[in-house]
């Protein structure tokens with residue numbers, strides 16, 4: 001066997017023509033099929049190799065015995081396809097035609113052989129002392145391009161399809177999907193408590209609050225993007241490993257994660273960082289298998305000859321307590337767009353704005369000014385303030401902003417965190433000063449105490465953020481414990497956090513992760529360790545306060561009913577089925593539920609410190625409406641449902657369709673591997689071709 005990528009097959013002789021018709025070794029080596037085997041490890045980031053490569057070799061360089069070709073077993077092909085098809089889908093690649101299990105593989109009755117038998121034997125020996133049934137995920141603590149990020153999210157959703165799914169909230173200006181992933185006991189559904197979910201023979205009462213995490217709003221602030229990518233892999237892996245904390249979190253919470261709100265800006269920033277580095281440099285990807293309770297260290301090797309072959313690293317299921325580090329050298333030609341940046345540049349690169357050079361965190365409707373101007377009105381509500389028509393007419397609105405606004409309006413989010421960089425602090429609303437000429441004025445919301453507690457939760461769980469001795473990045477947060485009111489730090493209008501609070505039920509904080517906006521890759525793993533507990537604690541915070549359902553006398557949920565708390569002039573509203581979640585600190589509260597055309601209902605509740613969340617339901621009776629006194633009869637509120645009233649931005653949420661009705665897309669990123677080598681273009685790798 002003289003084929004370089006098939007030298008480790010479990011036989012020594014092959015013959016031509018092969019099963020797919022290549023007439024000679026030279027013919028095979030010039031074909032796209034063999035080229036695919038040579039790059040598949042890199043395309044799939046090491047997943048499903050060497051399985052895919054060995055399976056392909058069994059067809060392209062088939063086993064020759066007694067001067068006859070022996071075909072591989074169909075069962076081997078079906079097993080590999082079942083476990084690896086998601087990896088191809090994640091990079092938008094079709095399953096290779098020469099791995100068609102029905103066409104080129106045969107059944108046991110026809111005298112087939114298993115091309116993966118020796119590989120399995122070696123793996124079984126290597127893991128003989130390791131308990132069976134474990135799961136793990138390889139986290140690559142490197143920067144990921146947009147295509148790699150998409151691949152990871154798709155693969156994670158496929159691996160944990162019973163608790164996760166991906167979906168797009170829209171597109172960037174340059175057409176990139178704003179891809180989100182959700183984790184839930186029932187992905188794709190907003191769950192109420194009217195039924196129970198079975199998990200490992202346990203019954204769990206479900207009433208899932210919804211939360212969101214957003215990264216990379218500013219394209220050159222990249223650490224948050226990476227942390228959220230790692231978080232998605234961690235949640236999936238730890239759930240499968242049986243981590244009770246993660247299982248409880250996912251079984252009782254609907255978690256939405258958008259790693260990159262500004263993929264176009266990221267490309268600009270990453271390209272600038274890459275240009276500043278020597279293109280001949282070689283770096284090593286540090287792959288660390290997830291583990292709890294085992295301390296991992298990061299190694300770097302300069303003598304590549306001492307490194308094991310990538311495929312020699314075991315990839316089967318280790319024991320939950322086992323950790324391994326594998327380091328692979330990568331050539332400059334295949335390195336991601338973003339590599340070693342760090343303090344030398346401090347991340348102050350181009351790409352803060354989107355492709356229009358718009359700052360997305362100044363691009364939302366300024367509802368805070370409306371709140372300040374009308375807060376003294378007796379019947380003015382400080383929640384669900386409509387978007388004024390002037391915003392749609394007079395402002396250049398980024399498609400990314402439009403997509404996130406629509407996202408916020410589509411889900412009943414309770415809390416949110418937007419991950420940024422440039423400081424080490426948690427900022428909470430309001431971000432716009434109550435006095436327009438004072439740029440550093442303390443400007444609290446009616447929910448100041450809740451916001452402070454929400455911010456404290458992240459800062460205190462972070463490794464260093466709440467320590468007043470921690471070195472900051474220029475701003476003075478002495479004696480603040482790592483949190484600050486946004487407007488007191490610096491004031492700006494049109495921010496996303498203020499919009500969340502004033503237009504929806506969502507309480508959003510801004511997490512500034514550190515001085516470096518684009519830290520070096522060697523810092524990514526330490527930053528994950530600093531922020532992992534903080535991210536988990538923040539998500540768990542949503543289970544505080546009260547929750548319940550507002551119904552009519554017939555047991556039907558009432559959508560849009562308000563939940564008011566005496567002393568806090570900010571209401572939240574019920575979701576589609578009358579369910580609600582209201583963040584509250586422990587203590588005695590007077591809570592009122594009201595809806596147009598119904599009588600009000602008020603309850604006095606005592607929320608003890610030892611109870612995370614209390615259940616408070618309301619039943620409202622139908623009564624004749626009194627227009628002159630109706631709290632809801634405010635002309636301005638009728639405009640709340642007016643979103644994009646002039647239909648200027650709907651094109652950003654529509655897909656371009658080809659003649660066959662399928663979505664028309666550009667060639668995927670990996671197409672360059674094949675199109676520039678002068679070989680026959682492998683259109684069979686394109687989906688929907």
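Any Cβ shown, glycine's included, is placed from N, Cα and C.
Note that TrEMBL annotation is computational and uncurated.
Features of the protein shown, as given by TrEMBL:
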ACT_SITE  512  active site, proton donor/acceptor
DISULFID  77-101  disulfide bond
DOMAIN    1-115  domain 'FZ'
DOMAIN    142-542  domain 'Peptidase M14'
Can you tell me how many other Cβ atoms are located within 10 Å of the Cβ belonging to residue 101 (disulfide bond)?
20
Return only the integer: C-alpha distance in Å from residue 77 (disulfide bond) to residue 512 (active site, proton donor/acceptor).
48
Using Cα coordinates, what distance in whole Å links residue 512 (active site, proton donor/acceptor) and residue 101 (disulfide bond)?
50
Residues of the domain 'FZ' (1-115) by DSSP state, where helix covers H, G and I:
53 helix, 11 strand, 51 coil
